[in-house]
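This report concerns only the one structure given below.
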């Protein structure tokens, strides 16, 4: 069965005002449109375009189907630890129990149930017109423990200082739809961070920061920055000034170059961006996925030079413009700075600190709202819990490489419990769980074992697992999310 679904983009302040509407051919609201959610997450459940059996939302319809459809939606989700079926949505906090009446801790370690009416994954279109917060997500065990701990403490689910809104982890894929998608992700080699700090310019505070990065554990440096330890405010100001000075120097050099006689005809005016995102000043990424093999964590070579320093300085300027004085400005110098090209993807597992900076993308994750923030936000930051969740081990950029199958690119991170199929044209797919698909270009017919549906740009559908093998015919771009 195919059920047409729709939703309204979330109006977070960092969202682009035009990117999602330009992608899907819908009318822009006039305000920020940050994320379009496709799924059953209670924060923004998808609507049924045509109500079915009295159900108005996909979650309501799944709940009314009971066992077979709901079970197939999450049957392939791996064992991620015991979680309760029911998640309270009111300020009344109670002990969470499973359908059998046992607590999450009593149920065992090999269960990951979302219950009837809940899909275990959430598909999003994300449009970052500006930087998102620095953040990380918990492991399954941390999510369960944190959720039950805050329940026991009587912290309301909608309290601004609540960390764990549900007992689930939140690993995620981000796939670039815009020509470029800029992000920070994971701690890089401290020696490289120190070199970049020094490259920002001669300054005693920058030299002291570089020396600290080289000689102290990353966790200690991070905690000093995020808690605004002695000298941090002055350091943030110094880093901001240094990055501004590099921009001024670049502008002066550019003006001098433009005053010289032209060696060739000027380039033609560029066309407006197809993704609807306003172009930011060029911020070159310091890493690309060249030569990356392996599905989970690619290894890209890093050659220190002006590109890396320019990328760091540009990121500092961007963050300082949005969050002046925030320690996250300096923390960005400790992280991998990456620019994805269209069609490239990252996988961000538990503990990976990251921030999306600018761009349009498809995001797929476990259906959770557990976010531990680390800066660049007016929202609550729980330093102690964040330090407990973060993975401080330096990591390469976590590129996620697809596997080609049946005419589709399949992005399938190990042990995440979900996969993203990208179809450009015709393809054949084996569907083992329920799925959600969205069409971002063209027109195609999707045929399963029971029925078929015609999709055009902007359409999205829920697909029951009973459709089995899918055939896509036409000239369209489709993103199909499912369990794995």
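Every residue, even glycine, has its Cβ placed from backbone N, Cα and C.
TrEMBL annotations: computationally assigned, not manually curated.
DSSP labels the residues of the domain 'Phosphomannose isomerase type I catalytic' (3-80) in these numbers: 22 helix, 19 strand, 37 coil. The domain 'Phosphomannose isomerase type I catalytic' annotation in TrEMBL covers 3-80 (among others).
The feature domain 'Phosphomannose isomerase type I catalytic' is assigned by TrEMBL to 102-188 (among others). Across the domain 'Phosphomannose isomerase type I catalytic' (102-188), the DSSP tally of helix, strand and coil residues reads 17 helix, 24 strand, 46 coil.
Taking Cβ-Cβ distances under 8 Å and a sequence gap of 6 or more within the same chain, the neighbours of residue 135 (Zn(2+) binding site) are 353, 354, 355, 371, 372, 373, 374. According to TrEMBL, the Zn(2+) binding site annotation covers 135, 137, 172, 354.
Residues or ranges marked as region 'Disordered' by TrEMBL: 263-296.
Sequence annotations record features per position, and here TrEMBL assigns compositional bias 'Low complexity' to 263-274.
Annotated active site per TrEMBL: 373, in sequence order. In the shown protein chains, 22 other C-beta atoms lie within 10 A of the C-beta of residue 373 (active site).
Annotation comment: TrEMBL describes 418-479 as domain 'Mannose-6-phosphate isomerase cupin'. Counting residue by residue with DSSP, the domain 'Mannose-6-phosphate isomerase cupin' (418-479) contains 3 helix, 44 strand, 15 coil.
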Residue 354 (Zn(2+) binding site): secondary structure state under DSSP, collapsed to three categories: strand
Listed in sequence order, residues not in 135, 137, 172, 354 with Cβ within 8 Å of the centre of the Zn(2+) site Cβ atoms: 136, 170, 348, 352, 353, 371
Same-chain residues at least 6 apart in sequence whose Cβ lies under 8 Å from residue 172 (Zn(2+) binding site): 137, 347, 348, 363, 364, 365, 366
Binding-site residues: 137, 354 - member with fewest neighbouring CB atoms within 10 Å: 354
